[in-house]
Amino acid sequence: MDVVNVMLAGGASRRFGEPKASYMYQGKPLYEHVKKQLLKRQTVIISHPSLLTFFKERGERDVWLDDEQVRGYGPLAGMYTAMQNKEAAWYLVTACDMPFIRRETAEALSSYCSEHVDAIIPLVQGRLQPLFALYHHRCLPAIDACLKENQLAMKDLIQKLKVRIVSEEELNATPNEFRNINKRNDLPENGMI
């Protein structure tokens with residue numbers, strides 16, 4: 001299956017107080033905890049400008065800024081940039097602040113890829129998880145439309161797509177895997193969730 005991992009690391013991290021992607025947790029940057037659990041495929045990192053040097057120093061080669069015309073427009077801008085610049089059928093889009101996700105969950109999610117849907121999104125504890133989801137390349141026109149219409153919420157995009165919702169039971173996932181980190185005290189000291 002033709003899939004590229006897309007890690008979104010372009011946010012301002014206002015509540016966290018510093019860039020989350022580079023925050024050291026248990027001896028390595030937060031983004032590395034996420035990256036090691038993604039599909040065994042190429043990973044493209046969509047970076048905040050202030051982190052470009054950091055990622056390059058960590059040996060990351062596929063690190064891009066959002067395309068200039070959509071820079072600052074949130075996750076949709078990152079998805080747009082990845083789809084415009086890296087050809088693939090599917091994109092596993094994830095945030096850099098979900099360090100408890102498991103590769104098994106990513107693999108289970110990818111097993112639902114089908115030509116009959118545009119996106120495969122987990123539903124965990126009654127909430128959609130659009131920032132750990134698979135999007136087909138054919139979503140690009142809908143993403144472009146959302147950006148042009150200044151509809152920047154993920155729910156705006158989801159309403160335009162044929163979506164396969166996958167429950168946490170179908171993924172054999174735990175709800176804690178999908179916790180995103182907004183403040184330092186969201187990270188347990190011992191790494192256990």
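A Cβ is built for glycine as well, from the same backbone N, Cα and C atoms used for every other residue.
Positions annotated as GTP binding site by Swiss-Prot, on the basis of sequence analysis: Leu8, Ala9, Gly10, Lys20, Asp66, Asp97. For Asp66 (GTP binding site), the same-chain residues that are 6 or more apart in sequence and have a Cβ closer than 8 Å to its Cβ are Gly10, Ile46, Gly72, Tyr73, Ala77, Gly78, Tyr80, Thr81.
Taken from Swiss-Prot, the feature Mg(2+) binding site applies to Asp97, supported by sequence analysis. A 10 Å cutoff on Cβ-Cβ distances gives Asp97 (GTP binding site) a total of 24 other Cβ atoms nearby, all chains included.
Listed in sequence order, Ala9, Gly11, Ser13, Leu30, Tyr31, Cys96, Asp97, Ile181 are the same-chain residues six or more apart from Lys20 (GTP binding site) with CB atoms under 8 A from its CB. Sequence-distant neighbours of Leu8 (GTP binding site) (same chain, 6+ residues apart, CB-CB distance under 8 A): Ile46, Pro75, Gly78, Met79, Val93, Thr94, Ala95, Cys96, Leu131.
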